């Protein structure tokens, strides 16, 4: 096999993230067997034109996800070679078609494996099968075209793998399945899109790190190789450190990296001669120390290495030398050389060659000397002083104080100037730069805080004033809008009544003229020699004895009603013309019979007995004028599949697998806290009950108004909106009673000594008709809200009645249900011409005889969807039914009555106030007069709407054969609402059953294809593993394992060490640089 050409040392030649300048060398590897990477046989198809070939070849290269250098090399190949490669790849893709070529198959398998929770160990064959499936996925992620990996990512395949890793039991975690799952992630990271997806996933690196808890050495090695390689990827180093911190909590480690050092130190059992794990651990440790922020920051390397030294890594490294493994020794050399280099550079800061970090005395002296003549020295002394004061108890939590201090100092050291932490932040939202800036500007911040507090208070005051003005403006705007609406309605009504008045006046004039003409003719006919009929006659004398003139017609009645007809003429006169039908009368259709003649139905009979539909038949004498006279269910029998209906609902059929292919406020109130208490001053005078006075004080404190302001608001009918509706409701609870007023009058000379509540009640009692004024004001503020609550209920009844009366879909559905019932029921229960609408909710009670999960309702929906698609608009045609079903007519009448009585009470108070002499500032009469005008018309409009709604409801009830006086709207519409809900649920259940069946069929089809192709797949997988080169991520892992990543740095360190040793030989300070045991 021809070796791959490497472009240089270090890691720049390995990973696509680190580009080099060398062009890749493409080699073609042939094998002895029939499976090889690029076959040299001539393509079976002729080569297309060069332009078309380039387009086809470009699509192929895109699927291979090559780097830019490799893409250029591929496009530089001759046209014949391009065509050969294209045909070879397309042939492989054709051979690989099958169940295992679909990412969906592997995702289903992963989900089913992860979902299995069993205490019993898997059988050997089953475990082998699961392992083969995971291995197959790993191979597919490495060898399949780019679209396979993209599809796998789009279907969230990574989350399926991670979920399996998180939920696997102990046996699985110790098996080959665990190793293969890690291999799948590794294979996914060989692809640029897959690698980006893994790194972008919020949990991926953490879940991978959790696999370090296994005892399976191969799995541990694979995990460490992935984590080490991620350290080399931009942005990956910090993710790895965060993952190790996550693993500390997951494995309950005392400190981070504890498990790694323990595994590195183990030398018994399976760990005795296991060099690969120890090499992987040292490779990971070197990657963590030298990459990320460790590339530039000495302080970060010292900080991170100190964690390993505290865990005792140095004695372990000395012991690892006994293995005498060249690859392991290379990693050990790099660790020690980098440590010596860093400690020497750190010592130069203090003009020393070495600092003994095990000596607290030396480190203290160096710190003290450094700060002695600086401004920081007093703070250093303060730190020492307070450290001496730190509480200390052997059994207490004292160590947590020192841990906090340690973490703060660590973060101060490693955090960069931008406030970014290269390591996982031990203290969240702790930005050193911001903290220092705050300390520098502490006095300035204090001043700004005081100024901000002052401005906040001013802002709150302005906000309160603004809200008050907004409330006042909203109230005025609402009043204006209501007045305009009322004015427009009154204008429309006046125009309508004027037109009606003119029409009636014209009718009266016409009738009067006809009456005079008829009377004249009658008189002429009764007088001999009188003018012949048709001759013009003179005026009738005003006083003719025995005159047969009828009295003049009465004037039209108010409201546009017609006057009563004139009295009948004397015998012999022509009969009067027939009068117009009464308003609102419904004329019978032309040719309609006076009685309802029912023709006998021809209903097909089932061959076997069927389950019955428990409906309530409508008596034939109640059919006239209902919807049932317009329904002919015999037409339905020509459309229905009666054999299928008979088979599904047979009374004696055995149960079997069956699937129907079909679709299937209370308000919370706030309570006033009555448990607060207040103390009265010693000299205050209070004659009111203590509990009542206490609650009154609470209310006044919430109002934040003086007694004069409250009094002015009541007299002006709160034109400035100082009193919210809830406060008015509470004020009504504290109206002065007669006993209170008498007591307060006795002590009115001691007004200055009165308590706050007493003074309030006393001053309110001085207002004429205070309680009636307060009630009128509260009613005025609540009127629009109450009307707004009533109108939707009235509108719901009106629109709901119209919808059920006019719905064509409902009528068609009733026809189908009637046909079902007549076909399924026999005897007295059958041969029906209609049924009560409550029977609709009994359809679901009839179960199928072959599947208890299928009801007559499910079957009905199936028929409707297939035969009567127009019925599917039923929910749209009856969209207001749910709201109408919530309306209780008794409560609605009660609300209307409350409005009527409240309005009457306000009118009574208005008449009283008009009779009283006006007081300064009293605007009750003007404000309430205007309100009464608007409110009376609005209430009249509501009453008219309610009357119309009741008429329509009565018409709808009779239309369905019900008795209007015995059924209320909530019950009537509730029947339809319940039925609509049942239909929706049944449609959803049908849809779920359909999806379930399709899913089962798909799984069966995929399993069958998998079984047929298993042998060929095994051969292909083996060929692919041998023929395909390792991906970029594999190259990176391989370089980490061998230590090639650190070759360049190691050579540099050796040169530096040699140079430093030469310098030290010439120096007076002779101190050999050796390994440091910690």
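Using N, Cα and C of the backbone, Cβ positions are placed for all residues, glycine too.
Given the ranges 939-986, 987-1034, the record in Swiss-Prot names 987-1034 as region 'Disordered'. What Swiss-Prot records as phosphoserine, among 34, 88, 650, 870, is residue 34. Swiss-Prot lists region 'Actin-binding' for one of the ranges 663-672, 673-682, 683-692, 693-702, namely 693-702. Cross-referencing 456-480, 481-505, 606-630, 706-730 with Swiss-Prot places the feature region 'Disordered' at 456-480. Segment annotation: Swiss-Prot labels region 'Disordered' over residues 1055-1078 (candidates 911-934, 1055-1078). In the predicted model, residues of the domain 'DAD' (1027-1058) average a pLDDT of 66.
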